[in-house]
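Reading through the structure tokens given below for one structure.
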């Protein structure tokens, strides 16, 4: 009966329902995009594939920054705005379009500045067009988050992923160049933008009205330049990952670029689960903070922290035991040397989920300046670690350990802040780091002595029962129920 009551509580929670919708649709989107990536890796030689990855990285780096990190700002403003929401939406969208054009030009500039290869430059010009389209999608996705309609965005993006997979599938019918692939990707993204405007916005956005909407210099100053903290937060987090590919392209071989990107693709599949959940977690924190309900904040933080920790630990264990098999099954023999890189990369997954959680809470509490400083500090440590390490030792290990080290310092700094704010405690914080350390050293010791499958089973047998019992206890303490629903105009419609 107790178990049934837990299930009923979970089913009645708007938080769980929104997250599950997003997770299911994003799962299919991720599967489609991963298959697209796999097919490309199998159908092109290492050099051409590496050039495509470099061009795509420049585009992804700039599209991440081009949003100026205003999504979190918009969600917070939407929550605090009763009148004039329509004007807020159009202003946000128009700013995103303007920033998209600016950063598309920057995309071309950096491609020509950093690389002399004609293929990289041409691919950057084509793929960079998506920056403008992606910014429009970014704005409408955050509108859906503010309205707790994430499922619309997730379903549309799943369709986008499926269309990309169809493009890759055409390679088995008739091979064509990566230039053609890039042009088709732009066409797919244009279709996706139109679907978002017509269906994803629930009638909140009219294309003609959007085109006619005027943006003044004061609008840009107030909504972009005065929110520079969000820009630095997002810029730093994007640079963490995407700059690695550019550094590798300048210091290591094309094979290293491909191996790193193959591992990062698998890594991103796992992190996508946490990112999707966070689109519901962040608005929840904002709602509690607006109500000044610190008790709910602490309970919700404790619950989600445990869930994220379990996810990171299990993901880490899976990869440590089966990295070689995962690489071989997905990508074949071409990337057989990527297994060690994947294992090293997954050290970061032990702490990345809770870093994202703590960042969401800090920003929700209007301390984005603190998050900005922490992001910037971690970025500097990461870049210095990469440059100094690669000077002495040319290996992907330098990249992976630099990222992990900078993220660890980031996590410790966040934890210190939350202890000071009395959201967390010294005991729970130290316990987390102790358990993570025991997992890493214990798992590696086990792998040196026993079969990987035996170690994984032993890990599950020893860790899962107490973690599940603790999780059920926290769910009961938090009380996931219909009383948690949001006021009219904010929750599900």
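Each residue, glycine too, has its Cβ placed from N, Cα and C.
Heads up, TrEMBL stuff is auto-annotated, nobody curated it.
TrEMBL annotations:
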- 20-40: transmembrane segment (TRANSMEM)
- 52-75: transmembrane segment (TRANSMEM)
- 95-114: transmembrane segment (TRANSMEM)
- 120-140: transmembrane segment (TRANSMEM)
- 161-185: transmembrane segment (TRANSMEM)
- 191-210: transmembrane segment (TRANSMEM)
- 230-252: transmembrane segment (TRANSMEM)
- 264-282: transmembrane segment (TRANSMEM)
- 372-393: transmembrane segment (TRANSMEM)
- 399-419: transmembrane segment (TRANSMEM)
- 426-447: transmembrane segment (TRANSMEM)
- 453-472: transmembrane segment (TRANSMEM)
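Sequence-remote contacts of a segment are chain residues at least 6 beyond its ends whose Cβ falls under 8 Å from one of its Cβ atoms, and for the transmembrane segment (120-140) they are 51-52, 54-56, 58-59, 62-63, 66-67, 71, 74, 92-93, 96-97, 99-101, 103-104, 107-108, 110-112, 153, 178-179, 182-183, 185-186, 189-190, 192-193, 196-197, 200-201, 205. In this chain, the transmembrane segment (161-185) lies out of contact with the transmembrane segment (399-419); the count of Cβ pairs under 8 Å, excluding pairs fewer than 6 apart in sequence, is fewer than 3. Packing against the transmembrane segment (95-114) from elsewhere in the chain are residues 55, 58-59, 62-63, 65-68, 70, 120-121, 124-125, 128-129, 131-136, 138-139, 215, 219-220, 223-224, 246, 250: each is 6 or more residues past its ends and has a CB under 8 Å from a CB in it. If you look at the transmembrane segment (161-185), the same-chain residues 6 or more away from its ends with a CB under 8 A from one of its CBs are 28-33, 35-36, 39-40, 43-44, 48, 51-52, 55, 119, 122-123, 126-127, 130, 191-192.
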